[in-house]
Amino acid sequence: MADKGEIFNLWAQPPVDLYIKIYLFNITNAEAFLAGREQLKVEQVGPYVYKEIMTHENITFNENNTMSTTPSHPLVWQEHMSEGHREDDQVIMLNIAMLAISHLTASHPFFVRMALKTLFVSTQAEPIVRTTAKEFMFGYPSALARLGNTFLPNWISFEKVGLIDRMYDFSTDFETFYTGVPNPALSGLYATYRGETTLPQWQGDHCSNIEYASDGTKFKSFIQPNETVKFFRKSMCRPINLYRVGEQRTFGSLKGYNYVFEDNAFDNGATNEANKCFCRKGDCQPVGLIDVTDCYYGFPISLSFPHFMNGDVGLQQNITGMNPDPAQHSSAFVIQPESGLPLSLSVKVQINMHFKDLSNFPTVSKFSHLTAPMLWFEIMMPSLPDSLDSRFNFYLNILPLVNPLGFWLALIVGLGLLGYAITRATLHMSSYARQAANISEGKYARANLLQNLTGGATNQVYSPCELKLIDNSAGANKQHVIGRSTVEDLAFQERRRKSAYALEMEPALSDAGASSDEGNECDTLTLSRNSTTSSSCIEVEHCNEEDDICIECFDENALETELAGSSSGGAEAKHQLAISFASSGFASSPSSIRSSSSNVNVGSSDGKGWVPYAYPHQFGGTSPKHA
């Protein structure tokens, strides 16, 4: 817990509806009992309901990871929950002050007892009195209490005696709780009570150690199925262990388990040997009682379960009106084990007065060796308020799902983006590879078409790995591309200009080769042939020092038909067509070929023409260095 933090604020002022329901045992046969004619007869009256405003005040953080505080538990009357009962209801109850003084002095010397008898007569004290419900619970005027406060201030520091008033007196208490550093499971649990980890009225850790106990605000976190938890409240005067029973239960949006008091919690060692340390000063009370005299100002007070449930049979037989019922009188806590948050609680305890031999005081002698019930109470929290239920539902149920869901969602999105990026890159690389393959295949296809048109081998088809088109032969001083005279060069330039003009008039034809030839001052001739499909491609490109190649294709059968109709013969037509394409820098569909061949007119005064670079030796040129 951190100062002013959310969990700290919930602990300091729990926003819960905590109530105490009180049932009084009204005596119905006071005269007959005091006369010795009947045993004590009582009837249960109530409930009288108060809301408990539980707070931790004056909180100080210590250097040892603890918090010191003063507890405060003011009560507010809840008439609408009291089922028609009122604080001013008349009841007949035990005179606590008179019976307590008689019990404490019963074995004192004779002169002490005589003085007390005189005091009882002068104050007209009676062992059974009529009072209102509120006066009995929170104190009524008593001459004996005033005298005790006057002459014995260290024993009785109050002028009015009321059981609930004394039970909720926290004015002298100070407590220390763990903050949860370094162990969050211990946050909100007791470190010390009144500066000690043990209670002074008991011997041994089993009975006296309150360290790691809960005051009911929050229990230990991360409780294991077979683990017990500890509960301590001043009104019970002892720590008590709780253990899990039954199946998981649902309260609102949260789930928890039932935790009940340990078996034989009030057996004083009769069954559980460890409980013998609850025998005050070695005097063990009957099974079902625990002597808490030291916590109630020396008054002979014993605690039990309501109606002496699970107690010695004699306790019930000595009092008429006891009707123990486990369904109505059992205590239970519903705890959410991960957080230690109580989802519901119901703590039911009965307050009794026990007496030893009082035969030395005739007016109270009928109470000798009797345990008389006075009231029982239930501290209850039916459920968490809706605001707190919603908050812890988010913390305990929704948030644990959101964290892994967010992780996996982020992982899936990340993998998706990575896959998308890889796919995009692969598609781009595949596209570039196809374009490169088309360009490479086109270069060699043009060379093959040139060979075919100029009379090369009919089935000579070159692939990129079979032909190195341009290379220098040993001893050669120049590349074997095209040789022509100066006059021919002028004629060639003119034809190139006209062909370029024809391309401009046919943009669809020029677009195909624009990307590869743009910006290069070259002569282009494309030649290739595919024997399977009878299709041909043509292109040649002659640069100043380099040769590069592009591709255009057409149907060879259509070309043969076209060439057969020309007046100069097939071989010569092919030769002239090659020259036309070389000068124009393109070749395309049969229609383009026809257009180009019809405009070709190449002459040579010395009988020399250009030499195709694929096989220059077939046209009178020199052999290439590599084939």
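The backbone N, Cα and C atoms fix where each Cβ goes, and this holds for glycine too.
Note that TrEMBL annotation is computational and uncurated.
Marked as disulfide bond by TrEMBL: C207-C277 (among others). Counting only same-chain residues six or more apart in sequence, the Cβ atoms lying under 8 angstroms from the Cβ of C277 (disulfide bond) belong to W202, Q203, G204, H206, C207, S208, G269.
For C237 (disulfide bond), the number of other Cβ atoms no farther than 10 Å from its own Cβ, over all displayed protein chains, is 21. Per TrEMBL, the feature disulfide bond maps to C237-C295 (among others).
Annotation source TrEMBL lists disulfide bond at C279-C284 (among others). Summarising the environment of C284 (disulfide bond), the number of other Cβ atoms within 10 Å of its Cβ, over all protein chains shown, is 16.
Long-range contacts of the transmembrane segment (405-423) within its own chain (CB-CB distance under 8 A, at least 6 residues past either end) are absent; none are counted. Among the features that TrEMBL reports, transmembrane segment is placed at 405-423.
The two recorded residues, C237 (disulfide bond) and C284 (disulfide bond), have Cα atoms 16 Å apart. Around C295 (disulfide bond), the C-beta neighbours below 8 angstroms that are at least 6 residues distant in the chain are Q201, K234, C237, I301.
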